[in-house]
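Here the structure is laid out as structure tokens; the discussion comes afterwards.
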Amino acid sequence: MKAKVYVTIKQSVLDPQGVAVQGALHSLGFNEVESLRIGKYMELELGDVNKEEAEGRVKSMCEKLLANTVVEDYRYELEG
Amino acid sequence: MKFAVLVFPGSNCDIDCYKAVESVLGEPVDYVWHTATDLSPYDCILVPGGFSYGDYLRCGAISRFAPVMNEVAKAAEEGKFVLGICNGFQILTEAGLLPGALRRNMSMKFACRDTVLKVENNQTPFTRDYEAGEEIIIPIAHGEGNYYCDEETLEELRANGQIAFRYKSNPNGSVDDIAGVTNKQGNVLGMMPHPERAVNEILGTVDGKKMFTSIINAWREQHDAANVR
């Protein structure tokens, strides 16, 4: 079983990195970029767990460590 | 009064904290490694600055699971004084001992310079020797000191007097110019500026000294020895 975890800064929270990269794209002429958010992508190889179990485990990992829910949102996908 | 300076892999202001306690107060102080499981001999815990665990994942995210952090939570619960500076502040927010979180500086630059702070609450164990509203010069040195909390939390901080320090001129984008906050009980303080680097004329400012004298005076008062010395 594989889990893909995406962590992004909440929409309500300023993302200075995203703003800086957006500015850089504009300076390169990519003026259509209206917004850019930078996040983290994590791949987790999970051992012998069923999907239902993995669902709860990965959610708990996100809540406890992988994301800081004060400023970040997370979502994940399970495969296999 | 006995002080502990926690040391994580990657701490780099631990010696500054140790020396500040030693030179300003002359009280006993120990380095305590992050694997320690007993902080009971100590009255004040200093969580120093640095880049613990290389800031992997998020600043302070890994450190908060170090064995010693359970003891820090216990010490905080018991009403002992806990002071987190810079990375120490980040660790205390990650650990949930203080509200909010620290984001990347708005400027995207590492900010390393003196800042003017305003003492917003001088009724805490860490600030009692300052005048209310006093302006003090304390250096900052951080890339991720941009304090964030939601509106509701900010209202609570204001209502409970938990905002200990504000920047006179905001260097990093922090909400409400916040430089340091306490927990509701007031015995845990986190701040991005470095008072331990402001305790000697040769460092350019001595405005951090009163933080250390505040701590010992608060402790003496609690222990009924206010008039000694």
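Any Cβ shown, glycine's included, is placed from N, Cα and C.
Per TrEMBL, the features are as follows:
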- B:CYS86: active site, nucleophile (ACT_SITE)
- B:HIS194: active site (ACT_SITE)
- B:GLU196: active site (ACT_SITE)
Rounded to the nearest Å - Cα separation of B:HIS194 (active site) and B:CYS86 (active site, nucleophile): 7
Set of same-chain residues at least 6 away whose C-beta sits under 8 angstroms from the residue listed as 'active site, nucleophile': B:CYS13, B:PRO48, B:GLY49, B:GLY50, B:ALA141, B:HIS142, B:GLY145, B:MET191, B:MET192, B:PRO193, B:HIS194
Secondary structure of B:CYS86 (active site, nucleophile) (DSSP, helix/strand/coil): coil
DSSP three-state assignment (helix, strand or coil) for B:HIS194 (active site): coil
Protein Cβ atoms within 10 Å of B:HIS194 (active site), excluding its own: 24
Listed in sequence order, residues with CB under 8 A of B:GLU196 (active site) and six or more positions away: B:CYS13, B:ASP16, B:CYS17, B:LYS19, B:ALA20, B:LEU46, B:PRO48, B:ILE85, B:GLY208
